[in-house]
């Protein structure tokens, strides 16, 4: 399918470049907006003639982004760590031991993937209030872990079934190793590729989470980047430069990660897009 | 199946299975978390939908199906369901057609392939909330990039985000822009798994490009189409963040999705029982549509 004449190739390259340019427009507008001082009402299509980081420093201070960064980082880190630990353990038992109980438990995880988390908003909110976890980073961690666990288990179980050879485990068992020892010393290291996928998928998902954070982290000390950004926008609807700067700052960590680990991102998100 | 040998073997296997431990402690934490944070709230939501609870008071009554009657009589429900279907189905159609087009283009060995793929894919890793703000800068009435163009052309500026006739389509557009990269990547992977021999055989038969596309490419892409359609439908029907940042559901309820509508019922109007009822309807719509799409496309896959 790749055999085309030189001329056709030039044409297709031109088409691809035009598409690329069209897709760059919003980022271009974001940059021109973020670098323009307050009161500069020149066209959004033009960069300012001066260079100023005023918006960035102002947004960093006013939106309390350092605090939001810390919260987002802590929540993402602990949730991802828990997902990998709990998810891989659960998947191992479910993939290796085909007991009747395990079949039902696996079905439960698959069925739960269909429930949209937000439809249970009202009781979930009440539950969080009742157990006294409102406005804690812990609730954001647990919520994100619960929401992402079914997909994590699904991905790990598929990988264990298809690619991890049973023989190694059986040999270790002969030598008298415990189940947990076998899992951590032999199986878990073999799960590296799928762990990378889970890590990337869950980090993007949790870092960008707004739905859960807006409900459970309303106290401004607990704001994550998305919540801080939304409330900052509410206060500065006429100062788009500030909002643009804050939006850019909030997105940079994931953009850098993406550009450096692009291959893993694209393969991982394609594999995990089963969840949507 | 009814051979004696295989049945004794099966019995042996079953016995072995019974002796095997389930290792249930390995998945206990996962089961508890999912039960507590997903299954229990989901079931409790059905209970709350039968009450007139306001979301904070200790006292409330069970009112039977009153909230459901109210929901079906409420014109806002139908507006919001209509929007939600537009977001779900509109984004799905656009993401799949454009995503497939991009994948077909990038399946050629072009020098700019990696660059184009990276740029198209980039928004997937950005928060939908942020993506909404970025496009807000484009569409905003005052100082938006679109109105700068209108200005140069000597036209009056338009308030696209404030116009209820237009803004639901803008939301579909922004959601499509953001996630078309996922569809593209899945189609690209599908295209690369199709053996070249099919096309070579078709070339010998003198088949046209269109007939090759229709008779080889599309049928062999069927699994990729199924995955894309199902995940896009679910994603589009759940749409929340991008609506908050672009229009906040307004003006009035004009661009609310079921998610944002539920949020405003609960937090702005203290109408928890009713919000839970809307939640049940939303779960049903997502379930029915995604399962219908899945079953329909799976059947097509077999036919193809």
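Including glycine, each Cβ sits where the backbone N, Cα and C put it.
Nobody curates TrEMBL annotations by hand; they come from automatic prediction.
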Checklist outcome for this item: When TrEMBL is consulted, the range among B:148-168, B:169-189 described as transmembrane segment turns out to be B:169-189
Next on the checklist: Among the residue ranges B:195-217, B:218-240, I'd like the one that TrEMBL describes as transmembrane segment.
Outcome noted: B:218-240
Checklist entry - Looking at B:63-84, B:85-106, which one does TrEMBL call transmembrane segment? => result B:85-106
Checklist entry - Excluding the flanking five residues on each side, which residues at least 6 beyond the ends of the transmembrane segment (B:169-189) place their CB within less than 8 Å of a CB in that stretch? => result 86-87, 90-91, 94-96, 98-100, 102-104, 106-107, 117, 120-124, 126, 128, 131-132, 135, 139, 160-161, 221, 224, 227-228, 231-232, 235-236, 239, 242-243, 246-247, 255
Item to check | Which of B:23-43, B:85-106, B:118-138, B:218-240 contacts the transmembrane segment (B:272-297) most, counting Cβ pairs under 8 Å | outcome: B:218-240
Checklist entry - When you scan the chain for residues with a C-beta under 8 Å from the transmembrane segment (B:23-43), skipping those not six or more beyond its ends, what do you find? => result 283
Item to check | Residues from the same chain, set at least six apart from the ends of the transmembrane segment (B:218-240), whose C-beta lies under 8 A from its own | outcome: 84-85, 87-92, 95-96, 99-100, 128, 171, 175, 179, 182-183, 186-187, 189-191, 193-194, 198, 257-260, 263, 282, 285-286, 289-290, 293-294, 297-298, 300-301, 304
Item to check | Beyond the flanks of the transmembrane segment (B:85-106) by 6 or more, those residues with Cβ under 8 Å of it | outcome: 113, 116-117, 120, 168-169, 171-173, 175-176, 179-188, 190-191, 217, 221, 225, 228-229, 232-233, 235-237, 239, 257, 285, 289
